Structure formats: structure tokens, C-alpha cells
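Colleague: Have a look at the structure that comes next, please.
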Amino acid sequence: MPACRLCLLAAGLLLGLLLFTPISATGTDAEKPGECPQLEPITDCVLECTLDKDCADNRKCCQAGCSSVCSKPNGPSEGELSGTDTKLSETGTTTQSAGLDHTTKPPGGQVSTKPPAVTREGLGVREKQGTCPSVDIPKLGLCEDQCQVDSQCSGNMKCCRNGCGKMACTTPKF
């Protein structure tokens, strides 16, 4: 009889978690600009966030060992990038300059809603299209950095966080 009560309690807790877990209404889990800093692993597995949108201001959801924590990103913010031109397929051009985004539509054309591949001149960084897939924590596999930026990955692979706080070339979500 006590085992049944324990099962009911566990089922109730799972149901409660499912009911109170926020679901994205838009389906967009946009990643914030910048790169996660190299964080010291946290011995207790803390799940402060799962996506960048869970963090306040410009903070990003970063891996620290088996933990996910909100941290101030490294690298230039979008406002610090200037003179970067990005071509959105054949439907329009976006220019980022002095922190402002300008989109020009060609006559009769529509601007693509997919994120463009951005080249940050002078930094040698090329961000590829798509988003990094979500990672179940902890994830088994190589716990070492295989890349720092998308341009170090072959084909359309992106440099994404793996489950142990390191970066690996991964097939993106579109």
C-alpha cells in the first residue's frame, strides 16, 4: 500500500511540472548575441535556465559543468557591430550599422524570415543559419571544446553547447 501512495505522489509531481512549465507561444527561441564565457564547473547541478530567453537583460544561458546558469556574454554586442552587410537570399538586404538594423525590400519581393548568415568583418566570425538544438543535461559524450564559432564547423553544422559545458559541431534546427 505505501508503494502505491509513492507512485501517486510521483505521478502528481510530474503532472504538476507539466502543467506549470511555460510553453513558448511563438515557437521562437531566439539566441541572444555574444558568446558564453568559459565558466568554472559548478559541483551541484543547478538548472537556472534552459534558453537565453530565460535570462534577464542581455545575459545568456551558459553551461558550467552540469549546470545551466545566466551569465554576461563575451564578445561584441549587436550595437558594437558596424559596417556589416548581410544578404538575405534574393529577397532583400539587411545592413547593421551603429546598432540599427535597416532592411531594404526589393520591388515586389518579400524579406526572408530565416535568420541570415552573418559575417562580422574584422572578427573572422561567420554565424550560420539555424538554431542550436536543445540539449538534455547531463549529456554523455566528448567533454571538450571542438569549436568556438560556426565557421570552424564543416558544411551547415553550427558550433553549439553540448551537455557538459563545452562546444561541439552540431546539426542545427531550421
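Glycine residues also receive a Cβ, built from the backbone N, Cα and C atoms like all the rest.
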Colleague: Pick from Cys45, Cys55, Cys62: which cysteine does Swiss-Prot list as forming a disulfide with Cys70?
Modeller: Cys55
Colleague: Considering the candidates Cys61, Cys62, Cys66, Cys132, which is the cysteine that Swiss-Prot reports in a disulfide bond with Cys160?
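Modeller: According to the record, the bonded cysteine is Cys132.
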Colleague: Tell me, from Cys147, Cys164, which cysteine Swiss-Prot puts in a disulphide with Cys159.
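Modeller: According to Swiss-Prot, the disulfide partner of Cys159 among Cys147, Cys164 is Cys147.
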Colleague: Nearest to Cys143 (disulfide bond) by Cα, among Cys45, Cys70, Cys153, Cys160 (disulfide-bonded residues)?
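Modeller: Of all the candidates listed, Cys160 is nearest in space.
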Colleague: Tell me the Cβ contacts of Cys36 (disulfide bond) under 8 Å, same chain only and six or more apart in sequence, or just say none.
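Modeller: Listed in sequence order, they are Lys60, Cys62, Gln63, Ser71, Pro73, Asn74, Arg161.
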Colleague: Including all protein chains displayed, how many Cβ atoms other than that of Cys153 (disulfide bond) lie within 10 Å of its Cβ?
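Modeller: Around Cys153 (disulfide bond), other Cβ atoms within 10 Å: 21.
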